[in-house]
Every structure is written in structure tokens, then in C-alpha cells.
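Asks: Annotated GTP binding site per Swiss-Prot: 107-114, 188-192, 247-250, in sequence order.
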Amino acid sequence: MLDKLGQNLSEALNKIKNATFVDKKLVKEVIKDIQKALIQSDVNVKLVFNMSKEIERKAIEEAPPKGFSKKEHIIKIVYDELVKLLGENPQKLELDPSKKSVILLVGIQGSGKTTSSAKLARYIQKKGMKPALIAADIYRPAAYQQLKQLSEKINVPLFGDETKTKTPVEIVKEGIEKLKKSDVLIIDTAGRHKEEESLLEEMKQMKEITNPNEIILVIDGTLGQQAKNQAKAFKDAVSEIGSILVTKLDGSAKGGGALSAVAEINAPIKFIGTGEGVDNLETFDPKKFISRLLGMGDLDSLLEKTEDVMDESTEESIDSILKGKFTLVELYAQLETISKMGPMKQIMGMIPGFGGNMPKEAAQLTEQKLKRYKIMMDSMTMEEKENPELIKTSRLQRIAKGAGVKQDEIKDLLKYYATTKNAFGNLKRGKMPKMGGKMGQIMRQLMYKE
């Protein structure tokens with residue numbers, strides 16, 4: 001898995017961080033560790049070798065810039081070279097809100113295309129636009145039903161032919177006509193291989209009918225280096241492929257290989273799938289990606305994620321916190337927000353110093369604890385939530401019984417509440433920079449000691 005790659009790279013760099021003296025021998029030892037970590041993640045050996053030579057040359061020959069120590073300079077060199085390996089400059093999906101846009105998703109069967117269609121619709125929906133889905137895959141059993149379930153989950157219109165009596169081209173034509181009120185049409189096409197001439201011809205027809213703003217190739221991250229051949233085959237067949245979406249990176253030991261292989265053919269990776277949920281789609285930024293991989297965090301993405309999941313009740317609770325009020329009501333609202341943000345391990349990876357260092361078991365334990373805390377608070381009266389100091393022996397017994405937990409767990413919750421309240425105690429309106437909104441104020445206050 002990618003967190004294993006992150007752990008191995010972090011351990012290699014720790015040898016530099018913890019060293020009393022950095023010499024040529026240590027640099028070579030660290031480079032060897034980096035090589036091993038990348039090759040285990042299925043990154044092309046030639047790419048790894050060329051990158052290693054560049055790291056060694058710069059680490060030995062270059063003098064650190066003013067204000068940088070030798071250690072910091074070497075870590076920066078490694079960071080820069082890893083970013084280069086993945087394509088350097090991020091490229092975003094550009095959509096004009098004033099015009100109707102069409103996105104065509106193509107890829108091999110089993111790459112995760114249908115799920116990615118729904119994820120992309122959800123991503124666009126969160127940007128304030130009105131997406132709609134067209135199910136044009138009539139060949140895979142249950143493809144329409146799968147997309148229908150996902151579209152209902154995110155409340156996005158869907159057009160398709162459950163009877164499979166129409167051709168994909170007919171479905172797309174009719175779908176465009178029926179979904180006129182939508183800003184962005186996302187078309188889920190049938191999975192295909194480069195040798196399937198009829199399917200490639202079908203895709204070309206769809207392209208002519210829809211005149212898509214972007215054709216996105218969906219690639220399975222578990223393919224590792226083989227992703228390069230697949231991406232190249234599609235790029236040769238359909239020269240207008242605008243970008244790549246790499247899926248299944250959360251559970252692949254070959255994710256690094258897939259990303260570097262695709263980057264090698266100069267096909268821009270715009271999105272990566274980081275989990276099974278409809279919200280587990282991220283724009284791909286090589287700098288942020290490597291930063292998180294090395295445990296340096298990614299606060300900008302974390303703040304964006306918190307803003308995405310905030311609703312009216314969260315806003316109200318944040319207003320209360322910023323005014324100095326913090327009860328179990330506010331705590332509950334914050335736990336709700338954290339739960340919506342995604343897997344705990346992914347969230348912790350965005351916080352500097354954590355990266356891939358949070359054990360899977362610890363992340364699962366934390367997620368379970370958050371759920372249990374919410375169940376315990378559901379067993380409390382509003383009076384108890386607003387005045388936690390009222391919770392003494394008899395109330396403790398009643399709450400524990402109602403939640404189906406031990407009294408010690410209620411005490412653990414109250415202790416967590418007291419600690420959190422203390423952390424929020426120093427918050428004063430206007431004290432923190434406004435970047436990231438109200439939630440940004442709170443998160444920055446908690447992450448940095450002043």
C-alpha cells in the first residue's frame with residue numbers, strides 16, 4: 001500500500017534528520033533505502049536509477065542555500081526529485097460554469113470507471129455546479145444498476161436504458177436531450193481493450209456526437225508499471241485524451257509505479273481515487289502528494305476538506321466556539337464534521353508530522369471511538385449536553401445503560417471533552433489568520449502552538 005511506501009521513504013529520510021554528521025557514505029546509504037522503497041512500489045528501475053544519480057550529485061556537489069542546513073537541503077533535494085517523478089505541475093479540471101460541459105470517461109473494464117463517474121459527479125456537485133450522469137455501458141451486467149444506486153446516493157440525475165434495447169450512441173444522444181438542465185454531463189462508457197475495434201469506433205462516434213470538453217482515461221492503480229502501456233494504447237487510439245484518473249490507490253502496493261508510469265508518457269493525472277466512498281476522489285497535485293507521503297502534511301487540502309463538509313449546524317457550533325462557548329453540543333457537531341471528512345488515516349496524513357506513520361489499527365480505533373462517543377451523547381438529555389458538569393453518578397449510570405457501554409467509557413468521553421475544551425479555550429475571534437474560513441481558524445489554532 002502507499003502508506004508502506006511513505007513509511008519506507010520517511011524512515012530513509014529520518015537517517016538524515018537524526019544523523020550527527022552527514023557525509024557521502026550516509027547519503028549513499030539513504031539513496032539505497034529510497035531505491036528499495038520505490039522499486040518495491042513497482043516504480044520503473046531505470047527511472048529510480050536516474051533519479052538516484054541526480055539526488056546523489058546534488059547532495060554531494062551543491063552547497064545549501066542561505067538559511068538551510070545540510071540536512072534540510074538534502075531532504076529538499078529528495079522531495080524535489082520525487083515530485084519530478086510524478087509530473088511536477090498539477091493540472092486541474094477546467095469547467096466554465098456559464099456553458100454546458102461534457103466529460104467522457106473511458107477505460108478498461110474493471111478499472112473502476114463507473115464508481116469514478118459518480119465520484120466525479122460528486123466532486124463537481126461540491127463545486128456548486130449541476131452534474132448529471134449518462135449510463136452508456138450496456139455490455140457489463142448490472143452497470144446501469146450500479147450507477148443508478150450511486151446517483152441516488154448523491155442526488156444526481158441519471159439517464160440510461162435499463163432494458164438494453166438501445167445502442168450506447170442512441171443512449172448518449174437521448175441523454176443529452178433529456179438532461180438539458182444540467183451544467184455538466186458525465187458519460188460512463190463501456191470498458192474496452194485496444195484490440196476491440198468496434199468499441200473504439202463506438203467511442204469515436206460518441207466523441208463526434210458530444211464534442212466533449214474532456215476525455216478522462218480511468219486507470220487501475222494496482223497495475224503498477226503496466227499502467228504506462230494501457231495509457232499509451234488509449235492515447236494512441238484516441239489522441240484527444242485530456243487527462244488520467246488513477247483508481248484504487250488506497251489498497252495498492254504498486255500505486256507509486258502506476259503514478260510514475262503514467263507521468264512518464266506526459267499524460268496529466270488530474271484525479272486519484274483514495275477509497276471506495278463517493279467523496280474519496282482528490283485532485284492530484286504531485287507536491288502535495290509527496291508532502292503527505294513523506295509525513296510533511298498538506299494543510300491546504302485538509303482545510304478544503306473541512307469546508308466541503310461544513311453545514312449550517314457546524315457553522316453555528318464554530319461561532320459558539322469562537323465566542324468562548326464549548327459544550328457537548330459543540331463537541332458533537334465537530335465529531336460529525338470529522339466523520340464526514342473521510343478515513344481517519346487519510347485525514348491524519350494531511351497533518352504535518354503524521355504522514356503515513358499512523359498505524360492502521362490506531363486509525364480504526366480512533367474512528368470506532370468517535371462513533372461510540374456520538375452514541376453516548378445521543379443517550380444524554382439536552383440539559384446534560386449543555387451542562388456536562390451535571391453528569392454525576394446516577395446520571396452516569398443511566399447514560400451508560402442507554403448507550404450500552406461501561407461507565408468508564410462515559411468518563412473517558414468527559415475527559416476527552418475537558419481536554420478539547422481546554423484546547424479551544426485560547427481561541428479568540430480574529431486571533432488566527434482568516435485563510436480556510438472559520439474551521440481553518442480552529443484547526444490552525446489546534447495544530448500550531450503559539
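The backbone N, Cα and C atoms fix where each Cβ goes, glycine too.
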Asks: When DSSP states are folded down to helix, strand and coil, where does GLY107 (GTP binding site) land?
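Replies: Strand, per DSSP.
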Asks: Looking only at Cβ atoms, how many others are within 10 Å of the one on THR189 (GTP binding site)?
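Replies: Cβ-Cβ neighbours of THR189 (GTP binding site) within 10 Å number 25.
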Asks: Tell me, how many other CB atoms lie within 10 A of the CB of GLY107 (GTP binding site), whichever protein chain they belong to?
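Replies: Around GLY107 (GTP binding site), other Cβ atoms within 10 Å: 26.
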Asks: What count of other C-beta atoms do you get within 10 angstroms of the C-beta of GLY110 (GTP binding site), across all chains shown?
Replies: 11
